[in-house]
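The next block holds one structure in the form of structure tokens; read it before the comments.
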Amino acid sequence: MSSSTMVIQWDEPEMPNGQVTGYKVYYTVNPSLQMASWESQMVDNNQLTTISDLTPHTIYTIRVQAFTSVGPGPLSAPVQVKTQQGVPSQPSNLHATDIGETSVSLKWSKPSHSGENIVSYELYWNDTYA
């Protein structure tokens, strides 16, 4: 949906082995972790949920598990989804060095979430002391 939100939708199990009472949606950026370390979200008996507060331009692996009154069923096959790029985060480590009476040299680190390519930077300054 956006750089930090995705909507997950699934079908109910073909053979639920009882009445499905809810679902648990698991998601992670590192699918090699054990399932207990994945983020998760419980969903009432609905086959749609929104996951928020995600990192922009990042691939997430998602799995869903149905629950009945007896307990959890098997996990779905993993699906991978990439969040949208979104706007970059702020640059960091800004340093200014005087070059002369009317010049200064600026250095900074690119944003940690900058997507594919940064097109340009905008610099703002205030000369109140001039």
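Using the three backbone atoms N, Cα and C, a Cβ is placed for every residue, glycine included.
No curator has checked TrEMBL annotations; they are predicted automatically.
What TrEMBL lists as domain 'Fibronectin type-III' is 1-86, 90-130.
In the predicted structure, the domain 'Fibronectin type-III' (1-86) carries a mean pLDDT of 92. Outside the domain 'Fibronectin type-III' (90-130) by six or more residues, the chain places 55-57 with a CB less than 8 A from a CB of the stretch. Counted with DSSP, the domain 'Fibronectin type-III' (1-86) comes out as 3 helix, 41 strand, 42 coil.
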